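Visitor: Sharing a structure here in C-alpha cells format.
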C-alpha cells in the first residue's frame with residue numbers, strides 16, 4: 001500500500017504537541033506514511049510576522065507552544081482546503097466551537113476512503129442536548145472518525161514526559177493506523193472499540209473535577225476527595241449506560257477514564273473553578289473573566305446540558321453529583337451543601 | 001432475634017475511630033445490637049494511669065486518638081478472653097503482626113455462630129508468600145470473616161469527614177449485619193461478595209503508592225502520575241486474576257479499589273517513602289527509622305513477597321511496576337529508571 005498522507009486540522013497548544021509526535025513518527029515509518037505532514041493553521045500575526053511563516057521558518061509555534069521545536073517536515077498551511085486535499089488521515093485538534101464551521105469548509109475536498117480522528121475534548125453543546133464531536137466530523141465529512149483521549153496535558157507531552165492515551169475506534173484497522181501514527185516510547189497508546197465512551201469521558205470528567213475542586217475549597221481531606229472522584233466515576237459509568245447503549249465498564253479503566261479523571265481532579269482548570277466557587281460569591285462568568293481571561297470553562301456547560309438530559313428522562317435522582325455541581329455552578333445551591341447531596345448516593349445501596 | 005453483642009478487638013487509631021461509630025450506632029438500633037460494646041485494649045500506662053481506665057473514665061483514647069470523645073457505652077477491657085466471650089460479632093482492628101497471637105488466645109472462647117470482620121490492611125507476610133488476614137482469623141477461630149477496606153484515614157473518619165468504605169463478605173447476611181453496625185451519614189458502606197479482592201486491594205495499593213511517590217520524587221507531572229496509578233491498578237487487577245480466582249473487575253471500582261488507591265497515592269506514608277527513595281541514598285531501614293521512628297512501611301514488604309510469588313509462577317514480565325518498585329526498594333535499581341520499566345507495559349498491547 002502507498003504511504004498515507006496526514007493532515008493535522010488545528011495548531012494550538014495540543015495540536016502543536018501532537019504535530020511534534022506525528023512529524024517524527026512519519027519519518028521513522030517511511031513505508032507507512034508520507035514524510036510531509038500538513039498542518040492547517042488559522043493565520044495570525046505575531047510580532048508583525050505571519051504565524052504560519054514563523055512555524056515554517058523557525059519550526060516553533062511561538063504563540064501556542066513556545067520553547068518546543070517542531071520537526072521540519074510539519075508544514076503549516078493557512079488554507080484548510082489546501083491542507084486537507086489529498087490527505088488519507090485527518091487529525092482534528094481544533095477548539096470544539098470551530099469544528100462544525102471548519103468541516104463545512106472541508107466538505108467536498110476529502111479524499112475518498114480518508115479516515116479521521118478527533119483529539120478534541122468536550123461535547124458540542126447544541127442547546128438541545130449534547131453531541132459527540134467525532135459524530136459531527138463523521139456526519140459532515142462522511143468519513144469514519146475515531147477519537148483519542150487520555151491524561152495528556154499538551155505541555156507535558158511536548159516535553160516528552162511519560163503518559164498514556166486511549167484511542168477509541170469502531171474498526172480495528174483505523175485504530176491500529178492511528179496508533180502507529182502517534183505512539184512513541186513516552187506516549188503509550190491502548191486501542192479500544194468503545195469509541196463513544198472514550199469521548200464521553202473526556203467531557204464528563206470536567207464535571208467531576210468541579211466537584212473535586214469544591215472538596216478542596218471546603219477543606220476536606222484526601223478521603224473525601226477520593227470518595228467524590230469515585231462517585232463521579234460511578235455517575236460517568238451510569239451516564240454511559242443510559243445514553244450510549246453498549247458502553248463498557250472496562251473502558252473506564254483506560255487512560256481516558258480513571259487516569260484522565262484523576263489527573264483532572266488534581267490539576268486542571270475545572271478543579272480550580274470548583275475551589276474558586278467556594279471561596280467567592282462571584283458568578284461563573286466573572287470567574288471565567290478572572291481565571292481564564294474570558295475563555296469558557298467546559299465543566300459548567302457540560303453540567304448544564306447533562307442535567308437537562310437527565311431531567312428529560314427523569315433520571316436526576318440517580319446522578320446526585322452531576323445535579324449538585326450544576327446547581328452550584330448556577331449559584332442556586334450553597335457549595336457547602338455539596339457533600340450532603342452525596343450521602344444517599346445510589347452507589348451505596 | 002436477640003440483639004447482637006459486639007466486641008472490638010483492637011483499640012489503636014483506627015480501632016478507636018471505628019469504636020466511636022459502633023458505639024453510637026448500637027444505641028440507635030437497640031433491637032439489633034446490645035448497648036454495651038466491649039473493646040479489647042492492650043494495657044499500657046500513660047502518665048501513670050492505665051489506658052483502659054482513662055478510656056473508661058474520660059472516654060477518650062488519649063494515646064492513639066486524642067481529642068475525640070468515645071461514646072460511654074464503649075468499654076475498654078484489657079483481657080481479650082473476657083472481651084470476646086459471649087460476643088456475636090467480632091471486629092478485628094489490630095496491627096497485623098498481632099492477629100495470629102491474639103486469635104490463639106481467643107480460640108475456644110468464641111460463641112458458636114459468631115461472625116468476624118477484619119478492618120486490618122495489609123497481607124500477613126509469612127516468608128513463604130502472603131496470606132490474607134481474614135483467612136487467618138477464619139482458620140484460627142472457625143468463624144466466617146468478612147473484611148472492610150476503603151479510603152478511610154482514621155483521623156478523618158473520627159472527625160466525621162465524609163468518606164466511603166467497602167465491606168467484602170461471602171454471605172449477604174453477614175455483609176448486611178456489619179453494614180448496619182458501621183454505616184453512618186458520613187461513613188457510607190457498599191457491600192460486595194468478592195471479599196478476597198477487597199482485602200487484596202488494601203495491601204497492593206501500598207506498592208503502587210511507592211511508585212506514585214517515585215514519580216513525585218523525580219518531578220514528573222500529573223499525567224505521568226496518573227499513568228503510573230492506572231498501570232498499578234492494572235497490575236492489581238491482573239494479580240487478582242492470577243492468585244485469587246474469581247476476582248471481579250467491578251470490585252476495583254469500589255472504595256477499596258480506585259478510591260483508596262487514589263487517596264494513598266496522593267497522601268500516605270508509602271507515597272512519601274517513594275519520594276524519599278529518590279531524594280536520598282538511604283536504605284528502607286534507615287528511612288523507616290527516620291520517617292516512621294522504627295515502624296515498618298507495608299509497601300516494601302508486600303512488594304518483596306508479591307515479587308517472589310510472581311517469580312515462582314514465571315509472571316514477572318506481566319507486572320513490570322511491582323517488579324521495579326521491589327528492585328528500587330531493595331536498592332538494586334536506580335529510581336530514575338522507574339519510568340523506562342513501564343514503557344512496554346502489557347497494558348499497551
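Including glycine, each Cβ sits where the backbone N, Cα and C put it.
Pasting the relevant annotations from TrEMBL:
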- A:6-172: domain 'Glycerol-3-phosphate dehydrogenase NAD-dependent N-terminal' (DOMAIN)
- A:10, A:11, A:12, A:13, A:14, A:15, A:98, A:154, A:269, A:298: NAD(+) binding site (BINDING)
- A:121, A:269, A:270: substrate binding site (BINDING)
- A:194-338: domain 'Glycerol-3-phosphate dehydrogenase NAD-dependent C-terminal' (DOMAIN)
- A:205: active site, proton acceptor (ACT_SITE)
Visitor: Using Cα coordinates, what distance in whole Å links residue A:270 (substrate binding site) and residue A:205 (active site, proton acceptor)?
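Guide: Each residue's Cα considered, residue A:270 (substrate binding site) and residue A:205 (active site, proton acceptor) end up 9 Å apart.
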Visitor: How many Å lie between the Cα of the residue listed as 'active site, proton acceptor' and the Cα of residue A:121 (substrate binding site)?
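Guide: Computed Cα spacing between the residue listed as 'active site, proton acceptor' and residue A:121 (substrate binding site) is 10 Å.
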Visitor: Taking just the CA atoms, what is the gap between residue A:98 (NAD(+) binding site) and residue A:121 (substrate binding site) in Å?
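Guide: With the alpha carbons as reference points, the distance is 13 Å.
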Visitor: Grab the substrate binding residues from the record (A:121, A:269, A:270) and give me their largest CA-CA distance in Å.
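Guide: Greatest Cα-Cα span of the listed binding residues: 14 Å.
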Visitor: At the Cα level, what's the spacing in Å between residue A:121 (substrate binding site) and residue A:10 (NAD(+) binding site), rounded?
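Guide: Approximately 13 Å lies between the Cα of residue A:121 (substrate binding site) and that of residue A:10 (NAD(+) binding site).
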Visitor: Would you pick out, from the recorded positions A:121, A:205, A:269, the residue whose Cβ has the largest number of other Cβ atoms within 10 Å?
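Guide: Top count of Cβ atoms within 10 Å goes to A:205.
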Visitor: DSSP secondary structure for residue A:269 (NAD(+) binding site), reduced to helix/strand/coil, please.
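Guide: In the DSSP reduction, residue A:269 (NAD(+) binding site) maps to helix.
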Visitor: Among all the protein chains here, how many other CB atoms are within 10 A of the CB of residue A:12 (NAD(+) binding site)?
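Guide: Residue A:12 (NAD(+) binding site) is surrounded by 17 other Cβ atoms within 10 Å.
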Visitor: Cβ neighbours within 10 Å, counted over all protein chains: which one of the binding-site residues A:14, A:98 has the most?
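Guide: Of the binding-site residues A:14, A:98, the highest Cβ count within 10 Å belongs to A:14.
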Visitor: Check the domain 'Glycerol-3-phosphate dehydrogenase NAD-dependent N-terminal' (A:6-172) for me and report the mean pLDDT.
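Guide: A mean pLDDT of 96 is what the predicted model shows over the domain 'Glycerol-3-phosphate dehydrogenase NAD-dependent N-terminal' (A:6-172).
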Visitor: Taking only same-chain residues 6+ apart in sequence, whose CB is under 8 Å from that of residue A:10 (NAD(+) binding site), what do you get?
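Guide: Listed in sequence order: A:39, A:40, A:91, A:92, A:93, A:94, A:95.
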Visitor: Looking only at Cβ atoms, how many others are within 10 Å of the one on residue A:270 (substrate binding site)?
Guide: 25
